[in-house]
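Now, the feature entries from Swiss-Prot:
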DOMAIN    52-138  domain 'KRAB'
ZN_FING   189-211  zinc finger
ZN_FING   217-239  zinc finger
ZN_FING   245-267  zinc finger
ZN_FING   273-295  zinc finger
ZN_FING   301-323  zinc finger
ZN_FING   413-435  zinc finger
ZN_FING   441-463  zinc finger
ZN_FING   469-491  zinc finger
ZN_FING   524-546  zinc finger
ZN_FING   552-574  zinc finger
ZN_FING   580-602  zinc finger
ZN_FING   608-630  zinc finger
Amino acid sequence: MALCYGTFWGYPKMLEAANLMEGLVDIGPWVTLPRGQPEVLEWGLPKDQDSVAFEDVAVNFTHEEWALLGPSQKNLYRDVMRETIRNLNCIGMKWENQNIDDQHQNLRRNPRCDVVERFGKSKDGSQCGETLSQIRNSIVNKNTPARVDACGSSVNGEVIMGHSSLNCYIRVDTGHKHRECHEYAEKSYTHKQCGKGLSYRHSFQTCERPHTGKKPYDCKECGKTFSSPGNLRRHMVVKGGDGPYKCELCGKAFFWPSLLRMHERTHTGEKPYECKQCSKAFPVYSSYLRHEKIHTGEKPYECKQCSKAFPDYSSYLRHERTHTGEKPYKCKQCGKAFSVSGSLRVHERIHTGEKPYTCKQCGKAFCHLGSFQRHMIMHSGDGPHKCKICGKGFDFPGSARIHEGTHTLEKPYECKQCGKLLSHRSSFRRHMMAHTGDGPHKCTVCGKAFDSPSVFQRHERTHTGEKPYECKQCGKAFRTSSSLRKHETTHTGEQPYKCKCGKAFSDLFSFQSHETTHSEEEPYECKECGKAFSSFKYFCRHERTHSEEKSYECQICGKAFSRFSYLKTHERTHTAEKPYECKQCRKAFFWPSFLLRHERTHTGERPYECKHCGKAFSRSSFCREHERTHTGEKPYECKECGKAFSSLSSFNRHKRTHWKDIL
């Protein structure tokens, strides 16, 4: 029933609504279609579908808007709403939240009361003589379809229409007990697949759609389809449009004021829906309902292929795509496709440059939530989420969890096949797929399996050597986007991680490694060989020498490697292949990094600058060695005589003096 979808402002829109209602033709008990459009309604409603909810067709005005309307406009409003009720009444529609007597006691407190008065007035200002019971009688006697019992139209008394923060409501004061209606008996329908009890047939049909995959509601702007009008409305919240209701903060426009209010919560952070069990709050009611199922354990949607169950249909759909490989969300600029709409939105920020996550302490902005949370670790503060070990406070729980991982090496998940210990259940599950090969995405080269298509794609690059992420400044390519972001800091000079001694670092691991130089502690001990490390980074790197399977073997010398890329690099020592050639002097190199380093001898580029004296260097290692002349740091110590050196080359030269003594 596309009577008047949304809130109309002003006389032309209301007249348009009235004209539309005159053009309606009744084709059955479940739907009313516009004349001349027998197939599809304005918002994608097919002819065999049930009617939409009352709030989808109601016309609303606030106090301020109502005061600006003239007498003729108010009369037109009255006529439109009366006709809306007639149509809904005709099909036996009922609404929740019918009893709102207590909300109409105080006229100043509740804006709905005055709507009763304006609805009951006649065109000349006197009380309207026609009652809704008379409307009901005429509808029941003349227009009630055969399949709808008369009790489906039992509106007998005062009807109150008005504005609410989220919905419009109807109150029905009948004064008599209705006869039981078999078509609309309470909880008369039970869905076989999810066991949900439903009151009305149209509710049953709506619940049926997610199970059948039927999506009759389509967005006219992007063509995306939905199983219910509510899902279409949620889609419009994200999409926005050219509607009359504009957000004052970002300028995004919406067709309905309720969608604008929902959108505004993304700016204000308002979360009105709070879980009574864990106090977690949500900005949208549907998100709150989805969360509640975590506590109840309800998982009505089960995957037919692997029997995994999910609490909501959207999670079930996302999971199904891991089996089918479907990627329905495509980037309009570069054509890259994604299985989840959220991944597409994050990807689009690469093109738009949007960075919605801003650090309040230093002003730095990020396009990824994960990058933002990692950044927040460097700021010590009094945030509400405390580290259980050192008491450091963080603004986000994710940041606190990441930080806690730097203290503890607890790994409760043990693989029974290889004995490897893992700290997270998700990591353990992914690791087991490598043994069983049961994941939905299986590598044809090594047989490893993965549950995530993105992780699988990253793994494939270890075989193919593909490096799709290229630095725009120097042309260096990387296998992962995180490696590219880390590299880009070498050009920008950005070093957000600052030590108390004044030294700054571009990445978290380098910062944590440096922090250990202030302490002689070596808290990270290898359980296999007993070797201890002061840095968690070096400990992890060492652990891989024990745990990593070396499945890539050189056919010439038999040496094995844990990664295909390592094997390919090693093979060049046998073949003398040097695929990376300088365009200016034709000198060739094994590694692309060696080529880049060499090219700087032609360009004279020196991107690495000493912070103490401003001297520039072509290599980062040269810059680090030079900086030690300022700091006095000497990390290379001779075990024979105890003498320490600031550079590895000086240390190696010194070691030869001991070899001469031995010879």
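A Cβ is built for glycine as well, from the same backbone N, Cα and C atoms used for every other residue.
Note that the structure is predicted; figures quoted are calculated from it, not measured.
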Open item on the list: Counting only residues 6 or more past its boundaries, what in the same chain has a CB within less than 8 Å of a CB in the zinc finger (469-491)?
Closed with: 371, 458, 461-462, 506-507, 592-593, 596, 607-608, 620
TODO: Please indicate, using numbers and ranges, the residues of the same chain that are 6 or more beyond the zinc finger (552-574) and have a C-beta under 8 Å from a C-beta there.
DONE: 445, 462-463, 465, 544, 590-591
- [ ] Please indicate, using numbers and ranges, the residues of the same chain that are 6 or more beyond the zinc finger (580-602) and have a C-beta under 8 Å from a C-beta there.
- [x] 474-477, 569, 572, 618-619
